[in-house]
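Enquirer: This is the structure I want to talk about, given as structure tokens.
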Amino acid sequence: METKISEIRKEYTRGKLTQCTINDNPFEQFEEWLNDAIAHNADEPTAMIVATVSAEGHPSTRTVLLKGVENNKFIFFTNYESRKGKQLADNPYISLSFVWHKLERQVHIEGKAEKCLDQVSDTYFSSRPYKSKIGARISPQSRVISSRMEIMRAFVKEVCKLAGHEIRRPDNWGGFAVTPTRFEFWQGRESRLHDRIQYIIQEDGSWKQERLAP
Ligand SMILES: Cc1cc2nc3c(=O)[nH]c(=O)nc-3n(C[C@H](O)[C@H](O)[C@H](O)COP(=O)(O)O)c2cc1C
């Protein structure tokens, strides 16, 4: 029997979020929820949707992997000449969304992105598997290519060229560090009366916490 899309629905009953129990510090709250997602074997727990906006004001989204939260900045790695990389060069405002369906939770983060220091990108790059390093060197991410063969040829050529050499990070690949100005923690509840708690950064660096209507 064919499933009608509009009839796919479930009740969210796994948890609740109250201002009495939520952490005052949004970074600690995030860490707690990410650890819960990992402990519950959520699929790709570090995957986040990254939204960027072009110079013309057109938004676009894609998934990337969070690689750390360092000094209260969310770090991910990508190609600086990719679509997102170019958009961030024009407009550093960014939004990150984590969805952990297994726990009926999502977190939205808004802030500003800046390139990581070369040393941070070098350290992460050197920890990547060999083939991922080669891939990052040869893929002109987000550009149109003629065929998969083109990229496979470039891969093999690079492997031969660099045989016996250290595989170094290319200049056009590295990290972005996102400094949040807003967090929203969302816990699904029954009858679609979900819990939503937002944190907005204040001028003195403290976080104002408020409940939002579902
Ligand atoms: C689960 C998952 C993880 C991904 N992780 C990354 C990542 O960490 N960095 C990255 O550049 N692309 C990653 N991608 C690919 C991106 O979604 C995207 O296709 C690519 O970065 C090009 O995006 P752009 O053309 O919008 O710049 C990932 C995709 C998926 C589905």
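Even glycines carry a Cβ here, placed using N, Cα and C.
The feature substrate binding site is assigned by TrEMBL to Arg9, Lys10, Glu11, Tyr12, Lys67, Tyr124, Arg128, Ser132, Arg192, Leu193, His194. The annotation domain 'Pyridoxamine 5'-phosphate oxidase N-terminal' is assigned in TrEMBL to 36-151. TrEMBL lists 62-67, 77-78, 83-84, Gln106, 141-142, Trp186, Arg196 with the feature FMN binding site. What TrEMBL lists as domain 'Pyridoxine 5'-phosphate oxidase dimerisation C-terminal' is 173-214.
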Enquirer: Among Arg62, Arg83, Gln106, these being the binding-site residues, pick the one whose CA is nearest to that of His194 (substrate binding site).
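Expert: Nearest candidate: Gln106.
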Enquirer: Measuring CA to CA, name the entry from the binding-site residues Arg9, Glu11, Arg128, Arg192 that ends up nearest Leu66 (FMN binding site).
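Expert: Nearest candidate: Arg128.
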Enquirer: Assuming the binding residues for substrate are exactly those in the record, Arg9, Lys10, Glu11, Tyr12, Lys67, Tyr124, Arg128, Ser132, Arg192, Leu193, His194, what is the maximum CA-CA distance in angstrom, rounded?
Expert: 43
Enquirer: Arg62 (FMN binding site) has how many other Cβ neighbours within 10 Å of its own Cβ?
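Expert: Here the count is 14.
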Enquirer: With Val64 (FMN binding site) as the reference Cα, tell me which of the binding-site residues Arg9, Glu11, Arg128, Arg192 is the closest one.
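Expert: Closest by Cα distance to Val64 (FMN binding site) among the binding-site residues Arg9, Glu11, Arg128, Arg192: Arg128.
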Enquirer: So if I measure Cβ to Cβ from Arg196 (FMN binding site) and keep only same-chain residues at least 6 apart in sequence, which ones fall under 8 Å?
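Expert: Result: Leu17, Glu184, Phe185, Trp186, Arg211, Leu212, Ala213, Pro214.
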Enquirer: Ligand 1: which of the binding-site residues Val64, Arg83, Gln106 have a Cβ closer than 6 angstroms to it?
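Expert: Val64, Arg83, by Cβ distance under 6 Å.
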Enquirer: Looking only at C-alpha atoms, tell me how far Glu11 (substrate binding site) is from Arg62 (FMN binding site), rounded to the nearest Å.
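Expert: About 27 Å separates the two Cα atoms.
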Enquirer: Which one is closest to Arg128 (substrate binding site) in space, judged by CA to CA distance, out of the binding-site residues Arg62, Phe77, Gln106?
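Expert: In terms of Cα distance, Arg128 (substrate binding site) lies closest to Phe77.
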Enquirer: Rank the binding-site residues Arg9, Lys67, Arg83, Arg128, His194 by the number of other Cβ atoms within 10 Å of each Cβ, and give the residue at the low end.
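Expert: Relative to the other binding-site residues in Arg9, Lys67, Arg83, Arg128, His194, Arg9 has the fewest Cβ atoms within 10 Å.
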Enquirer: What Cα-Cα separation, expressed in whole Å, is found between Lys67 (substrate binding site) and Phe77 (FMN binding site)?
Expert: 8
Enquirer: Write out how many residues of the domain 'Pyridoxamine 5'-phosphate oxidase N-terminal' (36-151) are helix, how many strand and how many coil, based on DSSP.
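Expert: Residue counts in helix, strand and coil order: 38 helix, 43 strand, 35 coil.
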Enquirer: Tell me the Cβ neighbour count for Ser142 (FMN binding site), meaning other Cβ atoms within 10 Å of its Cβ, over all protein chains shown.
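Expert: Its Cβ shell of radius 10 Å holds 14 other Cβ atoms.
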